[in-house]
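The following features are taken from TrEMBL:
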BINDING   466, 493, 495  Mg(2+) binding site
DOMAIN    28-133  domain 'Thiamine pyrophosphate enzyme N-terminal TPP-binding'
DOMAIN    225-342  domain 'Thiamine pyrophosphate enzyme central'
DOMAIN    434-560  domain 'Thiamine pyrophosphate enzyme TPP-binding'
REGION    1-27  region 'Disordered'
């Protein structure tokens, strides 16, 4: 949501669904929450029922513009809300007290790491039980109901425990608006006896939020632009690199404006893929240190000035801290701060404002683009397959590349899919999502469910390893229930391949499943679902033709058999460097 917009513009016009307005007798906490969710753009809520949230779920179901999506477990409900927020700008899940809340924690932590506003709602104890020294079920057996709250405090930007109707309106609205302003998850616990009780504060429909726009400090903005322009206009071969925080800063358009104006080559950090237009004439690929796109890393690291817009430099994105980047040549643009070299640094300067203003001050400089075009050699094609030769992963991704269009969205699971999907060239308006900062295996199953539910205009193509799939496989069931039409490539190579390349051991080998039979059992003849096993290129071609042709209205699950050592060359290099970083001995005391 853009700062300054009235949150609620996505709701249907009131003429389609006239809200029930009335006196205090019709105003309840449950209805207020349901209307508020619709108003901010949530049309689907992912839930797992439990006795403490059942009354609240009744009120969410009663809202005609809200669809309740029942998930198989709380972890996947949280991952689905994460995926939904990536497509819609905000997501929501509802679970029960403690047993549900502690199950969803991992997904909410991932959403926090990716700056996603997820409203995590928990059905809490009866309001009369607070402070009574009673022991409740679904707890660890202590008369202390704050355990769940304490767990959520470090992974949410606001928490609201609603056990009194007098301040419920304020607590709910403060938490939800904080999620939107901070672009982080929030935790809301609602006493199980409160959703249906009328209260005067809920007598009318919620008034749409107006989130005050964040305005840059004008003097700081002017100073930052002037200092940056002086720095870059003296450079011979500067480059521009986009990072993952372009999303939270709502600065994708401003980034393109700057790229068009300056003439610099533009690269993307791995975790920023999908946020930088790859059809741009100056796009040179992914900057990922030693595992960068060919010729991209050389151009970035040989530059005499680089502008990193919204970067996160962690051990994974820096390939075990091995980037050849010098701080004194770097301009770091964060969502609300600009730092030039070793200094100066300018605070309360917002990214989109800064990039747009800088675009007007830079001299056009295409030197580095011309250098790139001089040295560039087009990538080779995978070697031709022999008849009935086992399918290689690089052949699989050659065919996935051919499937992509503006109507596609790619979701890449943690693992070798990171590296193979990173090499896909995204057509204009083709979406791309993965979870690099948190890197929780199994994330993509729930995220595919949530993203497909939000982005019904796109067909999701998910690439998931067998090890990750085993963590969260059940919610294929929910995809079928919801009538989703995603295409899932299950890459069966017998284990945790990414972990093999960091540090191998018997724990990286998993029990093989009959994955298509598993999905067929879940399908059980209800809904539209089609499965296929693929061992050769010809079988892959036939499966893709079916998935995009006669089975295009079905959920398509394609199990692809690959050799356990068939990995991308990037994973081999990355794994050895991350392994080296992980195994550094303790510093001498």
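Positions of Cβ are set from backbone N, Cα and C atoms, glycine also.
Just so you know, TrEMBL annotations never went through curation; they're auto-generated.
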Query = Sorted by position, what residues of the same chain at least six away from residue 493 (Mg(2+) binding site) have a C-beta under 8 A from it?
reply = 465, 466, 561, 562, 563, 564, 566
Task = Let me know how many other Cβ atoms fall within 10 Å of the Cβ of residue 466 (Mg(2+) binding site).
result = 25
Inquiry  = Suppose you look only at the domain 'Thiamine pyrophosphate enzyme central' (225-342); what would the mean pLDDT be?
reply    = 95
